[in-house]
Structures are given as structure tokens and as C-alpha cells.
Amino acid sequence: MKVAIASDHGGVNIREEIKSLMDEMNIQYEDFGCECGTSVDYPDYALPVAEKVANGEFDKGILICGTGIGMSIAANKVKGIRCALVHDLFSAKATRQHNDSNVLAMGERVIGPGLAREIAAVWLSEEYEGGRHENRVGKIKEYENK
Ligand code: RB5
């Protein structure tokens, strides 16, 4: 599995935490910034990561900003992206199993690095269940292809 990860200035600490988690999990990743000592704009980081996942260059993406909201809104504008904004373990598991989410967004002003690490570990490990969910995810894909 190859993961593209990025954050704005509001998500740098969690980005580093998740990178160390992926090192431990032997997951290949590439860090797309930010190199930020100053304030940056989250769409400049969310959109390239989302595009790299949508075009198959990467299998999954992880995006962190202050709330996770801006990153998730921007990523979900890219066709083929199902970005889940997650701040609890139940949703981390459910969104992989049910939504086949391919991008995870989190907010560093909402949760701490410990919980973010656990959420990412679950999200990176869980498989999509397919079955009854395939029809539902299929309807989203159908809408995107209209
Ligand atoms: C940046 O101040 C902040 O707006 C951003 O990190 C994020 O929370 C946006 O949704």
C-alpha cells in the first residue's frame, strides 16, 4: 500500500505522528507538505493528494488541518475521492468497511496525536466489506459519472 500524506500549518504535529506510525507499520508513504513555518491554504495540499489517489498513483491519502473540515471538503471535490473526516475509532473502522473511504481527514485542533495515531492505524488496516455497501457506494460513483 502507498499512502500520500499532507497537512496545512494546523496539522503538522499529527502528520509527523502518522508518519512514524506508518514507519512502524511498514507502510510506504510520501509526504506532500506543508513545509510550513507560516500560514498556508489547505486546498493547495488537499487537492494534489486527492488527485494522486484518484489517478491511482497512491492507494490512500491522509490529510490533516486544524479541524479536518477544509481538507475533507476540498478532497471530496475530486472525482473518485471518498474522504472521511474522522475523530473517533468507531467511525474509522466503519468508514473503511462501509464507505470504502480512500482519504482520511483529521483535525489537530480537535483531537490529540495519540487518538489520531489510533484512528489512522484502524483506518489503514480495515478492509472494505463490499456486499450491501457496494450498491450504495456504486450510487455515488454513478452520480460522479453523470
Ligand atoms: C487554518 O487556520 C484552518 O482554517 C485550517 O487548518 C482548517 O481548520 C480548515 O478547515
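Keep in mind that glycine also has a Cβ here, set from the backbone N, Cα and C atoms.
Database features, via TrEMBL:
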type	residues	note
BINDING	Asp8, His9, Gly66, Thr67, Gly68, Ile69, Gly70, Asn99, Arg109, Arg132, Arg136	D-ribulose 5-phosphate binding site
ACT_SITE	Cys65	active site, proton acceptor
ACT_SITE	His98	active site, proton donor
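This view paints the features noted in TrEMBL onto the structure.
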{"residue": "Asp8", "record": "D-ribulose 5-phosphate binding site", "CB count, 10 Å": "25"}
{"residue": "Cys65", "record": "active site, proton acceptor", "CB count, 10 Å": "29"}
{"residue": "Gly66", "record": "D-ribulose 5-phosphate binding site", "CB count, 10 Å": "17"}
{"residue": "Gly68", "record": "D-ribulose 5-phosphate binding site", "CB count, 10 Å": "29"}
{"residue": "Gly70", "record": "D-ribulose 5-phosphate binding site", "CB count, 10 Å": "21"}
{"residue": "His98", "record": "active site, proton donor", "CB count, 10 Å": "19"}
{"residue": "Arg109", "record": "D-ribulose 5-phosphate binding site", "CB count, 10 Å": "10"}
{"residue": "Arg136", "record": "D-ribulose 5-phosphate binding site", "CB count, 10 Å": "11"}
Cys65 (active site, proton acceptor) versus recorded positions Asp8, His98, Arg109, Arg136 - nearest by Cα: Asp8
Span of the D-ribulose 5-phosphate site, taken as the largest CA to CA distance across Asp8, His9, Gly66, Thr67, Gly68, Ile69, Gly70, Asn99, Arg109, Arg132, Arg136 (Å, rounded to a whole number): 39
Inter-residue Cα distance where the pair is His98 (active site, proton donor) and Arg109 (D-ribulose 5-phosphate binding site), in Å: 27
Entries of Asp8, Gly66, Gly68, Gly70 which, being binding-site residues, have CA atoms within 10 angstroms of His98 (active site, proton donor): none
